[in-house]
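The feature domain 'Amino acid transporter transmembrane' is assigned by TrEMBL to 1-375. The transmembrane segment annotation in TrEMBL covers 76-95, 115-132, 144-166, 178-198, 210-232, 252-272, 293-313, 319-339, 359-379.
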Amino acid sequence: FQGIFVLGLPYALLHSGYGGLFLIILSAALCCYTGKILIACLYEEDEDGQLMRVRDTYEDIANACCNMLSPKLGGIVVNVTQVMELIMTCILYLVVSGNLLSHSFPYVPVTEKTWSIIAFVTLLPCVFIKTLKIVSKLSQLCSLVHFIIILVVMTYCLTQIHQWSWAKFRLSIVFEDFLVSVGVIIFSYTSQIFLPTLEGNMKNPGEFRCMLNWTHFFACVLKTTFALTAFLTWGEETKEVITDNLPSFLQTLVNLGLLTKALLSYPLPFFAATEIVDACISRGNHSNYRSPLFSLGLRGSFLLLTLLMAMFIPHFALLMGLTGSVTGAAMTFLLPSLFHLKLKWKKLSFLEKCADISVFILGFLCSLAGIVCSIKGLLEVFG
């Protein structure tokens with residue numbers, strides 16, 4: 001929840017004003033709700049009315065919903081969406097790495113794209129990662145670095161409290177900019193991909209709903225506090241990556257910390273994406289392609305793809321908004337509500353049906369509008 005993309009939230013507030021604060025809270029509530037209904041789709045009642053876990057993954061839920069059309073259609077759609085989101089996350093890590101390096105060493109005559117390539121070189125060992133054991137250790141270090149960075153940024157913002165003014169918040173907003181902010185905020189909450197596995201590995205799955213309530217509550221509080229303090233500190237000067245606003249004596253130190261975090265974060269989505277593709281190929285009975293050399297080539301190809309995309313779209317907030325609008329909205333709002341309606345229709349109350357339909361419509365509208373506005377923003381940047 002508290003990943004590196006939290007750094008884009010103050011910029012989202014710049015373009016959404018008070019509406020952005022409301023969106024951070026609303027997104028937490030909606031994401032918590034869709035997480036619960038997604039897990040509900042893993043269970044069915046037996047003859048005695050007891051809930052039994054009959055599905056294990058997001059893919060299993062999708063296949064169950066699309067069984068009448070095609071036994072594997074739903075799983076294919078979910079897998080493609082998951083891989084898109086994971087790869088886009090990897091691209092964002094490369095983009096932000098180039099941005100951080102260029103601002104940390106402004107006197108070095110190297111472009112931001114070149115810095116991204118340098119960061120990419122340090123990630124080449126990722127092609128040799130075969131298990132989650134290494135990834136988990138890197139993620140643990142990543143979390144530690146993250147909280148230190150957030151603490152430093154917020155401490156500095158609190159020293160500038162005498163400059164704060166609520167007048168910096170917009171009462172009127174530009175609709176298109178607001179919709180891009182929607183994508184940024186949604187993307188900062190996405191976790192549905194991992195929830196079925198998480199719930200299945202809990203010592204007491206019965207506590208899942210309580211866990212989800214508390215984690216979303218604290219994530220909402222932390223995101224709101226961080227975004228608010230940073231925006232009140234810099235107002236209209238708030239930049240896409242908030243650390244760019246820090247004074248030079250802090251900026252280099254914090255940026256190097258963020259660079260470390262970005263590079264440590266990269267292996268998890270990269271590993272997850274390649275594992276999904278590898279598993280799909282394995283289920284397809286393509287045994288000739290399961291050689292170690294093929295797996296190495298697959299990971300190498302994915303690694304290169306993320307670099308090429310980072311070269312063509314080096315705009316952190318716009319890319320994050322587009323990702324949140326396309327894959328984030330689909331995995332977080334559209335598919336969970338649709339699957340819940342399909343699998344549980346006969347057992348849902350009228351209010352539950354209305355809630356699911358409302359979430360689906362809201363997710364669809366946000367996704368559609370966010371896609372259009374993010375793409376328009378990217379075209380203007382390249383224009």
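Just so it is clear, glycine is given a Cβ too, placed from its N, Cα and C backbone atoms.
Contact between the transmembrane segment (76-95) and the transmembrane segment (293-313) is present: at least three CB pairs lie under 8 Å, with pairs separated by 6 or more positions in sequence. Among the recorded stretches 115-132, 144-166, 210-232, 293-313, the one sharing the largest number of Cβ pairs closer than 8 Å with the transmembrane segment (178-198) is 210-232.
Distant neighbours of the transmembrane segment (293-313): 87-88, 90-91, 94-95, 98, 113, 116-117, 120, 123-124, 126-130, 270, 273-274, 277-278, 319, 378; these residues of the same chain sit at least 6 beyond its ends, with a Cβ under 8 Å from one of its Cβ atoms. With respect to Cβ pairs under 8 Å, the transmembrane segment (210-232) is most closely packed against 144-166, considering the stretches 115-132, 144-166, 252-272. Only residues 6 or more beyond the boundaries of the transmembrane segment (115-132), in the same chain, are considered here, and those with a CB under 8 A from a CB of the stretch are 94-95, 97-99, 101-102, 259, 262-263, 266-267, 270-271, 295-296, 299-300, 303, 306-307, 310-311, 314.
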